[in-house]
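Each remark here refers to the structure printed beneath this line.
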């Protein structure tokens, strides 16, 4: 269902191996191609593709891309500029809201260029998809697809856009050869995403995101098939069935480990060399990555780092990153205060002073403990978390209410669940609802 309910809305999703259902192709990231397309549509339907639009019907992509980055979308769309090389596309009623939400796009692009070199794709547009879109974003060249759940009203979820911008280099230019080496795409992208966050919002915020990501990695490793907790996979499974946070967070952690070992300045110089390696019509595997790293970062790295542990062993690496973010330490203090004191008034007073990222983390920290339903109700009466616009906060609050059987908030939880198709929210919420007394 679309927001405005004016016209049908069509969009593609080719990652990981679904381009073959659109056109005959070698549906593997190791094969790249350029393309042009001429697309006709009714007057009231706008067509967009992962390419530069040359005129009303013609699209051209002159940089070789793998099949998973081919995309097309069509619907009743309007657009508005958000920078010298960027527009936001959305249904008409969402355009102004989207412009405000993603107004930092050019700043993020410039920050990424400072780490990676020039942006090569010409335009960087954003398309806001219907709520049924199952992902946070998809890094289609020239046209990033994003979920409307990012429209928080305060730009607090724009780190997803930083992630997709980072993909313009890590993944879209330097690409994993096959899906067993997916960490090459996502680990480098998360690492770069957090560098961008650090450049725009300060190193303390970068450290907070690193620490939060590590916590997510620890949790994920406990909950998934051990076979897919390796960075380099060796399982004969459909790529969609091996999807998890592991390649994102474990891959990023490896790169942060190398940063602590060699120093940030040296690591950033290496990153720029890595992203300028060519030609970009080729893809690489982990052995090639390691060879390049040893040649350009440290010839002794092959012997001084336990690569088997990092790349081929299951579970958490035997390395303690010793994160100590003041932003997240404050979250820990507030969550522990509530669990110790049951003091709704003081908790709410403190909660209001935190930024959205911290609020999300406070609620996430509370999820592991039992909390009285009446206390959660009192908190919701004061903070109105069941109706908050920020979907990360509302998701974590809904999980708390369902887990602690707050039956008076069941309708609000179901309303949220029925309004989003993003798998990050829908899957765990449906799972919790299934085993709760709220149905």
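Cβ coordinates come from backbone N, Cα and C, glycine included.
Taken from TrEMBL as is:
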- 13, 14, 15, 134, 135, 136, 137, 138, 139, 422, 423, 424: peptide binding site (BINDING)
- 163, 167, 186: Zn(2+) binding site (BINDING)
- 164: active site, proton acceptor (ACT_SITE)
- 248: active site, proton donor (ACT_SITE)
- 326-438: domain 'Peptidase M1 leukotriene A4 hydrolase/aminopeptidase C-terminal' (DOMAIN)
All-chain count of other Cβ atoms within 10 Å of the residue listed as 'active site, proton acceptor': 24
Per-state residue totals over the domain 'Peptidase M1 leukotriene A4 hydrolase/aminopeptidase C-terminal' (326-438) - DSSP helix, strand, coil: 87 helix, 0 strand, 26 coil
Recorded positions (135, 248), the one with most neighbouring Cβ atoms at 10 Å: 248
Rounded inter-Cα distance in Å - residue 186 (Zn(2+) binding site), the residue listed as 'active site, proton donor': 5
Binding-site residues listed as 13, 15, least Cβ neighbours within 10 Å: 13
Rounded to the nearest Å - Cα separation of residue 139 (peptide binding site) and the residue listed as 'active site, proton acceptor': 5
Long-range Cβ environment of residue 163 (Zn(2+) binding site), under 8 Å and at least 6 residues apart: 136, 137, 189, 190, 193
Neighbour tally for residue 137 (peptide binding site), based on other Cβ positions within 10 Å of its Cβ: 20
DSSP three-state assignment for the residue listed as 'active site, proton donor': helix
Rounded distance in angstrom between the Cα atoms of the residue listed as 'active site, proton acceptor' and residue 135 (peptide binding site): 12
Beyond the site residues 163, 167, 186: chain residues whose C-beta lies within 8 Å of the centroid, for Zn(2+): 139, 164, 166, 170, 171, 185, 189, 190, 192, 193, 248
